Amino acid sequence: LRLDPGNPSKTKIRSSPKGILKLLISGGEPEARQLYGIIYNDFKDCECYGHSNRCSYIDYLNIVTCVSCKHNTRGQNCQHCRLGYFRNASAELDDEGVCIECNCNQMGSVHDRCNGTGFCQCKDGATGPKCDDCFPGYYWKQGCYCEYTGGGGRDALGCVCGKESVCVCVG
C-alpha cells in the first residue's frame, strides 16, 4: 500500500478489496483513514440502505456487515426490522420510516413482537391487530376476562366460576 495524499489517483493498492476494507475498518493506520475517504464510495459490499455508515469485515465468514443499524433496522445490510417492529410496506428500504413499532398491548398480547404485517400474538380472549379488544363474552380488566353470573361450574366459554362471580378464563 503506497499513498500519495496530494494525488489520490496515484495511490497504489496491492491487495484484494476485502483485505483493503478490513484494513480500512480497523482504522489503525493514518494512511488507512485517508484511503477510506478515497475508496469508500466505490466499495459496493458495504450497503446499509442509509441506516448505517459503518461496516465490519467478518474474516471467518468472509462477509461485510453493517454496524450499528439505525431507524430500528438490523441485519447484514440493515434490511430487516428489529424485534418489536415490522416492515412498512409503503416505504422504500432506504426510508427512515421503513420499520414501524408493533405497539402490542401488554395486557392482551403474549409478547411485544408482531408478524410481518403488524399483527400481535394475542392471549386467550384477546383479539385485534394489537390485542387490545376482547372476543364476545369477554370484558377488559387488565387483559381479557369472561364474565359469568350463573350458579357456578363452567360456562360455555370455559370459565370456571364461583356463584355469581366474575371469573377468569382457564385453558
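Yeah, the Cβs are placed from backbone N, Cα and C, and that goes for glycine too.
TrEMBL names the disulfide partner of Cys102 among Cys99, Cys114 as Cys114. Cys131 is paired in TrEMBL with Cys122, the candidate among Cys122, Cys134 named as its disulfide partner.
In this structure, Cys131 (disulfide bond) belongs to neither helix nor strand by DSSP; it is coil. Sequence-distant neighbours of Cys102 (disulfide bond) (same chain, 6+ residues apart, CB-CB distance under 8 A): Gly84, Tyr85, Phe86, Asp112, Arg113, Cys114, Gly118, Cys120, Lys130. Within 10 Å of the C-beta of Cys122 (disulfide bond) there are 22 other C-beta atoms, taking all protein chains into account. Look at Cys122 (disulfide bond): DSSP puts it in a strand.
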